[in-house]
């Protein structure tokens, strides 16, 4: 009986920890993360204070923070080839990182770090030098900056069969030296690295290449981490938020269900299907059952996005900034729908798979510059600064904890729905106008469409909609309008 009680206690404790790791630790009613891909720490700190906090964003996913290999031309993916756990990259050093985390936390913006636990750098001719000046010999699996030696890695092998669990989890992903997370020593170094970031005030981690590590090894690592730092405004006993990169199209040998109890899981099918719909390959009317009805993970387990830094560079259904009208519609739907834990992308312009972030002649990352409307102009795309996107972050905050209701569609590519009695969204992806009286579910009054403009000094700078005492309003979205979406909410009432 004593053994049974102890086993039950340990089981419940483990379940409690894993449940806590699904909590993003947002501040107030904020509930949207933005990925400021390849931004410098000093620029993120300023963005938190001057843009993200005033517009209601909840958190920032940052690029990998630890020292990486220096690759010719400085492609973005060099950040995913670590050679030590020193906090020095092209985004800045440890002091600048710590300052950024503190300043962002001070204004209610949480920081989530993209962490590389699966591997170290791939092969390099001779001695490699990292962004902190550390030397390593990746071909010999020698990383003195940690230190790691060959005994800390799985034996070298290539992934040739993606249906072979051993290859997926113990061979080298695109040639990257595969760490043995079952080793007590490797586990200790990874835990030490993550705990240091927790001490500096981060709220959680995106775990890169999680499916290439055994779930039981990750469970041990996550369970060994410190609680979040209360000096940065986190409650006592708060656990780091974990979201794990697991690419699972529904027929994978290593499945998302192995990881979704440990933390949230990236729902890549969400990205593909929302792209299909707004590219016109699937009628929007089918989005009425969006979420688990499409075979996605449960909402609290699903980390969702229209695109990410990887798949935005692929050919296929995934939308990116290069299709701006469809991208804004898809993002508006994403932010208006209650499904999933949401991240929006903030990119830099690219022409190919290897394009580096905007940099100067000395290969230093440059700071974003802005025009009079606040949009980025010097190689940074900054989708999060597009009015149609940041306004929907405000919409999402306004409708938090309400249900989707009042669905309407025209049997094709015109849809609308309510979020309780606090918000309304309409989308027109047809080649003809949407002009109709629709139920907005809102209290009577005049509302600004936050897509086409803003509420400033009691007046709308864009479209407005008058809602009658029955909640109905006349909705018009022309087929040739600049934006194919209209959004109203109670905080934009005139």
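Note that Cβ sites are derived from N, Cα and C of the backbone, with glycine treated the same way.
Binding of Ca(2+) is attributed by Swiss-Prot to 169, 178, 212, and within the candidate set 105, 118, 276 the record adds 118 to that site.
In Swiss-Prot, the chloride site is described by 206, 308, and among 165, 269, 343 the residue recorded at this site is 343. Of all the recorded positions in the record (212, 245, 310), the one with the smallest CA separation from residue 206 (chloride binding site) is 245.
Note: the CA-CA distance between residue 208 (active site, nucleophile) and residue 178 (Ca(2+) binding site) rounds to 13 Å.
Long-range neighbours of residue 118 (Ca(2+) binding site) (same chain, six or more residues apart, CB within less than 8 Å of its CB): 173, 176, 178, 179, 181, 208, 209, 210, 212, 213. Between the alpha carbons (Cα) of residue 343 (chloride binding site) and residue 310 (site 'Transition state stabilizer') lies a span of roughly 14 Å. Note on proximity: among 245, 308, 310, the recorded positions of the record, the Cα nearest residue 169 (Ca(2+) binding site) is that of 245.
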